[in-house]
Amino acid sequence: IYINNIVTYGYDNVMMPFFACTFATSAVVLAIFFKTKDKKLKEMCLPNFISGIFGVTEPAIYGILVPLKKPLIVSCIAGGIGGGFYGAFNFRKFMMGGMGIFEFPAMVAPDGSMSNLWVAFAGVGLTMVIAFIMMFVTFTDKKTAEKLAQPVNNSAPNGTAVEETAPISTAESNDKNGENAAKETKKLLKNIEIVSPLKGKIIPLSQVQDDAFASEILGKGAAIVPQEGIVKAPVNGTVSTLFPTLHAIGILAENGAELLIHIGLNTVQMNGRGFKAFVQQGDKITVGQKLIEFDMDLLHKEGYCLETPIVVTNTPNYLDVLAQQPKDVTWGEKLLYIVE
């Protein structure tokens, strides 16, 4: 619709109400930066605010808004108000291209009129002020550490440390006694197995070329460099989130684990090109069910990295999340172990 309107009419006013949403997210994050006393959260906010102003809001959404929930709601409300403002003033975009502040030049009319651009500025200002005030007034640090910054408890009920030195662990300790202790401890713990949604090569999450994933801010897990462009369900559960651009999917497993599969890095900029979904948000899914197809050749041609993180976004709810060591893997093979 967006492309067709620009080609046919010379402008689009259908998608433009969504322009406010990016800045609503940025303002919410900025409000949290000034309000929170949680050091880790504060460190996340400022870079996420800056990236949001330039149109990249995924780190803020995945790393702050979704885990804390209330900021996501505030962002949606403020973005909706801004979108309503734009709709009332018949806000338009006259050409494609640009994200965030780089999108403003596309709002100058072909005849040089600046009235539409002033509407753009007014809408952004209104949206950001509303989002900032709402978040600043309603935000509280209560339970923030539990939801976002609490270190994972790696102790068994009897106080014995869970060593990450078993075959699926990422620790580097070679202490034999520690390995034996870990094995004995793990016998007492319940593991939830997550199978691979892709065929490809496993790489550690720390090696992913995106700090939001590599730092485990979004949760622990692993990444896969795909060899085929098919994503299959790694668990039985429900599609909790399916992004309109189809580059990422969230799954709520029957066992309570919340998973995020992000196909490639920065692929949101493809705006859905090269992606095809076989499910909808809210659908029940079973292990091995095809979820998404993506055109690897097109993504390579466009210059995107295909490293695909698979993370447990509610990692703090568990003792640990362990990943298979780097190797080739195919659909349905074990990938992650969630230790309860």
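In case you wondered, yes, glycine gets a Cβ from its N, Cα and C as well.
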Review point. Taking 46-65, 246-265 as the choices, which stretch does TrEMBL tie to transmembrane segment?
Key: 46-65
Practice item. Please work out which recorded stretch in 14-34, 46-65, 117-139 has the most C-beta pairs separated by under 8 angstroms from the transmembrane segment (71-89)? Key: 14-34
Practice item. Please work out the helix, strand and coil residue numbers for the domain 'PTS EIIA type-1' (210-314) from the DSSP assignment. Key: 14 helix, 42 strand, 49 coil
Exercise for review: Using a Cβ cut-off of under 8 Å, list the residues of the same chain at least 6 residues beyond the transmembrane segment (117-139) that approach it.
Suggested key: 19-20, 23-28, 30-32, 34-36, 70-71, 74-75, 77-79, 81-82, 85-86, 89, 91, 104, 107-108
